[in-house]
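Please read the structure below before turning to the comments.
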Amino acid sequence: MTTQTVLVVNSGSSSIKYQLVELGTGAAVASGVVERIGEPTGSLRHVHGGTTTERELHIPDHGEGLRRVLSLFEVAGPDLAEANVVAVGHRVVQGGMAFDGPVLVDAEVERKIDELSALAPLHNPANLTGIRVGRALLPDVPHVAVFDTAFFHHLPAAAATYAIDREVAATYKVRRYGAHGTSHQFVSRGVAEFLGRDLATTRTIVLHLGNGASVSAVDGGHAVDTSMGLTPLEGLVMGTRTGDIDPAVVFHLSRNAGMSIDEIDDLLNRRSGLKGLTGHNDLREVHDLVESGDEDARLAVDVYTRRIKKYIGSYAAVMGGVDVIAFTAGVGENDDIVRARSLEGLQGFGIEIDLERNAGRKKEPTVISTEASATTVVVYPTNEELAIARQALDVVRDR
Ligand code: ADP
């Protein structure tokens, strides 16, 4: 039998990222990205079998983008007709209270994703567009929606509830939904398996540090807290987002700086975080600035790692201890300075990393704590595409 594959699609407002995942090995048979959809010149990049095919052309909309992707599969391979594609897995950012796991897409599911756009105005409409054009172009394959919020659907009420007027919260669905759930689930399970630990008795803190960043507390395989809230703005300091901030900053700027709500939204989501502090959202550039003696950059790394440390402390407290800390995503996997600084001085809490083990970028799961450390600290590379592919398979297998 040919091995089964899932086509994973992550549709953004002006981009479509995709990967054809082989389920047996977990390998990406092909991957690519369509960018600058709707702009005068868009681009396509398709990678298969060590060959990269690139195109620059006007791509008016997502439908045309995906049509181009399918024709790239025809020209550059692999042949989708022979790839045994059992499902198309679509990443959807906001599942709200409607979805606690992946689902087969039908008209009703599309309607609910659309309805949830109020909570994720930048993401859900784009995700839905990807689903619609995908279903139109590949009508014979089942399409599965995999939600970024699903892993946090059953957060304890005390973690999900904001202390605001209950009626306002209920009417406007104001609560903590979390994000990056697919990654937090994948890493918390994977790391327990890697360490040979029983998931049921393991308390894990997962630090997903990418351009967006979030942390979760996972007790016995269940998410019991997470740092992103109603939207991905809350929590850790990120590439361009503030993370936690006094909400009164919004009133202050509105009243005194003459900024509109949309301007403040843009400031907090796209012009803050590392970018706001240093002018750069990429930690590699921030570290270069530190090397050259830039004080703002030094402060930015302090602010960034202090926030991580505070979350580690609070989540350890929430779970009554922590057995495993897992670092993942672009920063978590590659940045040994951030890992070391975030855990500095925590020996008294039984958390101690080995600087030699920690050194360098990690492509494979790697233990970086000392033998004496009560908490095992691991770098565990995430693979959201594989996680989406597996969840999609679970849905179509059960049909
Ligand atoms: P996204 O949230 O866009 O999926 P990623 O998980 O790919 O992000 O992480 C991207 C971020 O990872 C970059 O902005 C950069 O800060 C960081 N990063 C990537 N490679 C390195 C590296 N070698 N050293 C330090 N940071 C890195």
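Glycine residues also receive a Cβ, built from the backbone N, Cα and C atoms like all the rest.
Pulled from TrEMBL:
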ACT_SITE  Asp148  active site, proton donor/acceptor
BINDING   Asn10, Glu384  Mg(2+) binding site
BINDING   Lys17, His208, Leu209, Gly210, Asn211, Gly212, Asp282, Leu283, Arg284, Gly330, Val331, Gly332, Glu333, Asn334  ATP binding site
BINDING   Arg91  substrate binding site
SITE      His180  site 'Transition state stabilizer'
SITE      Arg241  site 'Transition state stabilizer'
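Annotated features, which come from TrEMBL, shown on the structure.
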{"residue": "Asn10", "record": "Mg(2+) binding site", "contacts (Cβ under 8 Å, 6+ apart)": "Ile16, Lys17, Tyr18, His90, Arg91, Gly130"}
{"residue": "His180", "record": "site 'Transition state stabilizer'", "contacts (Cβ under 8 Å, 6+ apart)": "Asp148, His208, Gly212, Ser214, Ser216, Met228, Pro232"}
{"residue": "Leu209", "record": "ATP binding site", "contacts (Cβ under 8 Å, 6+ apart)": "Leu236, Ile308, Phe327, Thr328, Ala329, Gly330, Val331, Gly332, Asp335, Val338"}
{"residue": "Asn211", "record": "ATP binding site", "contacts (Cβ under 8 Å, 6+ apart)": "Met238, Gly239, Thr240, Asn281, Gly330"}
{"residue": "Arg241", "record": "site 'Transition state stabilizer'", "contacts (Cβ under 8 Å, 6+ apart)": "Gly212, Pro232, Leu233, Leu268, Asn269, Arg270, Ser272, Gly273"}
{"residue": "Asp282", "record": "ATP binding site", "contacts (Cβ under 8 Å, 6+ apart)": "Gly239, Leu274"}
{"residue": "Arg284", "record": "ATP binding site", "contacts (Cβ under 8 Å, 6+ apart)": "none"}
Could you check the binding-site residues Lys17, Arg91 and say which one's CB has the fewest neighbouring CB atoms inside 10 Å?
Lys17
Pairwise Cα distance for Glu333 (ATP binding site)/Glu384 (Mg(2+) binding site) [Å, integer]:
14
Just how many other Cβ atoms lie inside 10 Å of the Cβ on Glu333 (ATP binding site)?
20
Comparing the recorded positions Asp148, Glu384, which residue's C-beta has the most other C-beta atoms within 10 angstroms in this structure?
Asp148
Could you check which of the recorded positions Asp148, Asn211, Asp282, Arg284, Glu333 have their CB within less than 6 A of ligand 1?
Asn211, Asp282, Arg284
C-beta crowding around Val331 (ATP binding site), within 10 angstroms
25
